[in-house]
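Right, one structure below, let's go through it.
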């Protein structure tokens, strides 16, 4: 009768011991899991710290780029815009002067043709008349008092011919002066065109640098550029710079800065033309 409670107690003790061992095994398993999760948490924490450091560095870089943009690029862009506006005004003025010179040449050409035709007819008539007078003198009619008068008339005609030659020389001299003025204006136009191309090249370089700075891959990391409190409106800056760049490209880069004055193209090939060829082209 006494052995039954002891046996039952012994069985209960063994079951309890098994339960304790199972509980210990479960506790050890949970401990290993917790240790593993703790390591993962530490790795994630280190990764977050690295990302925070990278974001801070990128924010510092963005501040530096914004300072560079506001201190150097934008003033240079405004300066280039002013220079291009001034050169545009000079170009229009030179173009107007070239048009005036061309009109002068056309008028001089018309007057020269008219004068040449008139002089040719007058000279032909006088030569014919002088030939008739000479024939009359040689035919014996000069034995009278008409001979000295005929010689005198020939001398007068000779002086008139010399006067006509002097007038022709004046006309040619005027044409040379017009050609010299035209050549000087063409040189000014070429210099202005080269200077405009150089200014536009500098403008393209500045806008290219602006494109590189505003399209940087870190423009959306950490929300630094999308946050209004950061003080940098990148999208607005991109839109503004795009408009400025497109505007100047349309104004100064069409057909490689090829401009036509009076129907003739101003290019580097014109440097080899002589004054006569330039005058012939303009006429």
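Please read every residue number as a count from 1 along the shown chain.
Cβ from N, Cα, C; glycine included.
From a predicted model like this one, the values you see are computed outputs, not experimental measurements.
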TrEMBL annotation of region 'Disordered' - which of the ranges 240-261, 262-283 it falls on: 262-283
Candidate ranges 1-23, 24-46 [criterion: TrEMBL lists as region 'Disordered']: 1-23
